[in-house]
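Participant: So TrEMBL lists these for the protein:
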{"type": "REGION", "residues": "140-198", "note": "region 'Disordered'"}
{"type": "COMPBIAS", "residues": "152-163", "note": "compositional bias 'Low complexity'"}
{"type": "COMPBIAS", "residues": "182-196", "note": "compositional bias 'Acidic residues'"}
{"type": "DOMAIN", "residues": "197-249", "note": "domain 'PHD-type'"}
């Protein structure tokens, strides 16, 4: 538990310095000091929290007894989950909660000392320039700088999808599980025939080139997007689509 012997930050720069110090301590606990941290999180003990301190130190301790606490508190009971999951997953979970706690503390100071819109925006931009603890712990700390690469890939995928759709007389139906690269060309004609003769598994109407369709990856039946409440935008984020019928079957099993 933090006794708060450190000076209370009052400006954007001071709050960011406090944030950076606490963040450094938490990263140390979850990386270079991970064995010591692991040992201190004994599941046999009471609810424990991981605290990052402004002087770049860290400690595992019981939560403060004061209610409400002077500062936002970290996630409670991190020690109880230690032996119930793989170590890397447990550390990632603690990292995510640590990121949330750091933001809560920083913006608590901002609210307490009346930061305005521009000050809050500037504080967040300063924080956002740093990799999150989760990114550091999982080895993805450089990911924000490389976002252009996956973004370009996604744009290429979209363009190739459009050209493929144009071969299917302006069909908007896209099966959500992509074909393996070596099978894609040979499978296009077969998929075109399947779509042209398809009927909606929900309403029974025939395939229409001016409507959005989606195929279930389990039963391989086609559906109007409107019949299963899936929009083209929503479909972009579905890796494997299961129709309502297949989803309910799995739930009953």
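The backbone N, Cα and C atoms fix where each Cβ goes, and this holds for glycine too.
Bear in mind that TrEMBL entries carry predicted annotations, made automatically and left uncurated.
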Participant: Using DSSP, what's the helix, strand and coil tally for the domain 'PHD-type' (197-249)?
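Facilitator: The domain 'PHD-type' (197-249) comes out at 10 helix, 8 strand, 35 coil.
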Participant: Note the mean pLDDT of the domain 'PHD-type' (197-249), expressed as a whole number.
Facilitator: 82
